Amino acid sequence: MIAALITWSKSQAFDSQRDDIAVVNGGKEGSRDAPRELKKYNIDKDLMVSVLAVGVVGALVALLVLQPWNTSDRPAPRYTQAAVAANGYECASIGRKILEKNGSAVDAAIATLFCEGLGCAQCMGLGGGFLATVYDASTGRVRVLNARERAPAATYEDMYDNKSSTVGGLAIAVPGELRGYGELYREYGRLPWSELVRPAANLCRTGHRVNNYMGRVLHSYSDRIKAEPSMRELYVNPETGEVWNEGDMIREPTLARTLDIIAEEGPEAIHNGSLTAALVEDIQGFGGIVTEEDLFEYRAEWQEPIEVPISDDYTLYTTPLPGSGSVLAFILNMLRGWVGADTEAPVESNLYWHRIVETFKYAYAKRTGLGDPSRFNLPHSIPQLERNLSSRGWAESHRELVDDTRTFSDWQHYGALFEGADDHGTAHVVVIAPDGSAVSATSTINYIWGSQRRSRSLGIMLNNEMDDFAIPNRESAYGLPPSPANMLAPGLQPLSSMVPSIVVSRDGVARIVLGAAGGTKITTQVALAVMHTIVEGAELPEVMQRPRLHHQLVPMEIEYEADFDASIIESLQARGHATTARGPTAGFAAMVAAARNTKGELVPQTDRRRIGSTDGF
């Protein structure tokens with residue numbers, strides 16, 4: 001590891017461009033003129049490299065040993081013009097460099113997402129899909145791009161009888177990631193396409209560093225990684241026979257070649273280009289049913305956002321179906337009606353938190369009726385349910401159903417008739433550009449390591465998004481039947497918890513750009529972050545570090561982080577809530593956000609649950 005870090009420091013120290021990596025919310029800016037200054041003072045270059053290497057090693061060892069995951073005591077950086085936040089250690093700096101070249105917010109987001117496919121490959125990449133919310137400051141318009149995966153045309157109802165919907169080729173849906181990047185670029189790209197791809201390709205060759213979160217999940221999946229040849233060849237250290245550790249450098253020559261082809265051919269390389277046949281051959285070799293026709297026919301679609309007035313001054317914009325923006329809208333509309341209207345339940349009081357939990361339970365009950373809006377053979381209309389959930393009137397009527405003295409343990413009391421979709425890991429990226437435009441993008445391959453299959457021809461992890469559908473004839477462990485609204489069917493998209501969101505002020509300023517990774521916990525945690533910042537007036541860095549709780553109706557329990565206020569938990573228990581404490585690595589949603597504070601400063605932030613990167617200028 002030390003040798004790798006020394007090699008890395010040599011490659012970085014004398015780059016003609018600034019290549020400092022903003023690790024864990026705020027590396028210091030390096031000098032653009034360092035090489036010139038060295039020549040001026042005749043300092044021996046090798047000596048300086050050695051000194052820098054020792055410094056890099058010392059700083060990183062201290063970081064890795066003393067601060068394995070909690071970053072709450074590190075001050076958030078502040079910028080005046082632009083900000084980027086991401087998961088991979090190297091990725092925010094890549095986005096910042098694109099902005100410095102006069103790239104658009106979308107350019108920076110695409111380049112950052114390409115990088116995330118390396119450092120956060122366990123959660124997202126070219127073998128998956130994403131949802132993105134885009135704010136164009138020049139027009140004041142907000143749009144959503146839906147590039148979520150779709151079920152292959154050969155999907156059939158009983159395809160998972162006695163077969164896994166989580167591991168292997170049958171779990172793989174039609175990826176939409178790259179075609180989604182292409183659609184974003186077609187509408188908002190400014191720099192040459194190849195300039196957005198090359199940084200990630202170069203990183204594949206020089207090596208990307210295993211971050212804290214990837215290191216943890218490499219070890220937790222160690223046996224499965226070693227047993228699967230397509231993963232073993234990349235994620236097992238050939239010298240030790242064990243998976244890589246945090247801080248190790250991974251080089252990916254196969255993915256580098258893939259990215260070179262994408263840089264040359266453009267975003268059609270996978271869907272209708274020289275990489276199509278190889279990807280399909282790999283998927284079908286794992287037992288999958290994705291075809292070249294599936295890839296060619298896939299389309300990323302622009303959608304109108306769901307709008308949620310948060311106050312007289314701010315409006316939140318987020319994703320419609322297949323995202324959970326309507327569920328987020330329902331939660332925010334429910335909670336806003338209580339804030340300031342009832343002196344018996346001030347913010348952060350015991351009753352306030354009881355009402356939050358009850359709101360979550362009603363929201364997730366209604367969520368069981370959501371799915372692909374193109375499905376019409378149902379007793380209810382999915383588009384109508386989405387409109388109801390997004391309306392303030394519906395929230396007001398449900399607010400009256402909450403009993404302030406107790407909770408209920410029957411999911412039918414809250415209106416749930418079916419098992420809700422239970423999605424999993426994701427990665428999130430945010431960008432605010434100098435012109436005020438912003439991008440909030442959440443990308444996923446579903447479970448950690450997706451289908452646990454990697455295309456050996458292209459070097460990309462493959463999703464297991466098919467498991468996000470309801471599977472026919474498969475009752476949940478809690479006795480609930482699968483939801484017909486989210487049932488497995490050819491060409492449809494499964495429901496997702498992703499809610500990449502942007503809060504815009506009345507005068508057209510992107511106030512907060514946020515989203516989260518963490519499956520079904522995403523929606524509740526984004527809702528709480530918006531309430532804490534916009535409604536309560538708390539600062540983003542403090543909000544990101546607060547302990548969290550979550551309820552999704554099934555299972556019938558509150559999950560909370562162990563450092564959550566014990567007196568609030570006791571009050572919830574007294575009202576009948578079942579509770580379960582979770583440790584710091586239990587998988588609570590990890591927020592990624594950037595906000596403009598009252599001083600006009602841009603504050604990008606990742607939270608303590610995953611060590612990420614931020615940068616800006």
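A Cβ is built for glycine as well, from the same backbone N, Cα and C atoms used for every other residue.
The transmembrane segment annotation in TrEMBL covers 47-69.
The feature L-glutamate binding site is assigned by TrEMBL to Arg148, Thr444, Ile445, Asn446, Asp468, Ser496, Ser497, Gly519. The 10 Å shell around the Cβ of Asp468 (L-glutamate binding site) contains 29 further Cβ atoms across the protein chains shown.
What TrEMBL lists as active site, nucleophile is Thr426. The local packing around Thr426 (active site, nucleophile), expressed as other Cβ atoms within 10 Å of its Cβ over all shown chains, amounts to 29.
Among the binding-site residues Asp468, Ser496, Gly519, the residue whose Cα lies closest in space to that of Thr426 (active site, nucleophile) is Gly519.
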